Amino acid sequence: MRASGNTPDHSVFPSVLKACAFLLDLRLGEAVHGCIIRLGMDVHLITGNALINMYAKLQSLAESEWRERDRRKVFDGMSESSLINMYSRCARVEDSIRVFKITRQRDTISWNSVIAGCVQNGMFDEGLRLFRQMLKDNVIPGSVSFSSIMPACAHLTTLNLGKQLHGYIMRCGFDDNVFISSSLVDMYAKCGHIRTAGWIFGGIKGRDMVSWTAMIMGCALHGYAEDAISLFEQMKLEGIRPNHVAITAILTACSHAGMIDEGRRYFDRMTEEYGIRPGLEHYAAMADLYSRKGKLNDAYQLISTMTTPTGTIWSLLLSACRVHKNVDLAEKVASKIFEVDPENIGARVLLSNIYANDGRWKEAAKVRMTMRNMGIRKNPACSWIEVKNKIHTFIADDKSHPLHDEINIALCELQEKMELAGYVADTSEVLHDVDDEQKKYLLYGHSERRAIAFGIMSTPAGTTIRVIKNIRICVDCHTAIKLISKIVGREIVVRDNSRFHHFRDGECSCGEYW
């Protein structure tokens, strides 16, 4: 094109820069960048963004070539907004925030870039803080602003804030934007409002892969496997070809419902019908499906067929070994984990618990001693509840909450009513070498029970209680919460590290399968 005397414009350079990134050719990319500068096009938004994307790609794959001298040569003369955007895309959030703080004229691009960088790299609280500051500075958020911040509400499960943002979105007239609507579906589903997510999804015109996948995964996490399968098949009928994320969502749905035949069929068809090679997340979903169903050997064989199974995927099977009390296989799986990930905290905790559950206290103590010698500490079980726009955190037997005494009184009252209703504590999962009475006491202080008691105390009768827990809910707490939901006449929604449980009238949506 250049040899024929035609001058490239802003519709041409993005394609060329994308080709440079694909070829991992930093020198060629810099040569194209030099041509852009000579033509005076480096300040154009589309071309500038294409440059940022190329350098972000090359930086992440060729860090050794990304020296400070090269960086200064490339970015001298670029706008501060572009620098913020570049650092955010390169997962260098601290640098992005640093440049943002010294920027005098912050435009919408600057705000959106730094907020998106925080959210995409797990700094959800900081992203929300910056979004609030943007509003205080009278910067009007656009569609990109809302798409960037909604995932933070989903991950932090801050439902009230999510509702406020939803109202703001409607007032700004962005509720018909498919990207924002998809973010709302994801947010409501992850905050336990699957019915609201479905209502929003039903109103989306021109649904894309993201909106379909958000709704399918939402149904999967809430245990509505048949709805997830129905949506998946409807998506295909509407001409949308499933991608790897959609396959992960449908396999997750099958896993949470114990639908082995359906899961196996989708797993086999992903290559034959959709041309998608199974990735780590697909193997993990299938291993989880086999493990939950008690087919531990099938899960072991599946993981063994992987080229390089990670410690994380082996840990799924190790967790199942604890549930199904298979100590021999647990030791075999644990050795596999420690080969690839010697400092895996969760695996050592699981192995210790498996030994303790089998009464092998010496082996359990040995594992914990190894952890102490390695400087490894177990993360405590925590639960969160949002009341009046404030997040309250609870740890088992923690006395730091200002209403600690009142919570204990409420727990005692609930305990008496539960026992009158026939509750008997299941101490089988209390993995401490103490007597039965002490085990019962430890159960009563579990973090989710404290959060639920606080929620009942702090909200009007009939209000749904929503609690988040960082680990799997235990069998005894599951039984107890079913009774509590019936005693107090409330719906109690608990999200553990695997799925949602909707407790209502003494029953749970999981059907005793989780």
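Backbone N, Cα and C define each Cβ position, glycine as well.
If you look up TrEMBL, you'll see 107-141, 208-242, 243-278 marked as repeat 'PPR'. Annotation source TrEMBL lists domain 'DYW' at 422-514.
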Give the residue counts of the domain 'DYW' (422-514) per reduced DSSP state, in the order helix, strand, coil.
38 helix, 16 strand, 39 coil
I'd like to know the mean pLDDT over the repeat 'PPR' (107-141).
85
Using DSSP, how many residues in the repeat 'PPR' (107-141) fall into helix, strand and coil?
26 helix, 0 strand, 9 coil
Helix-strand-coil residue split for the repeat 'PPR' (208-242), DSSP-based:
26 helix, 0 strand, 9 coil
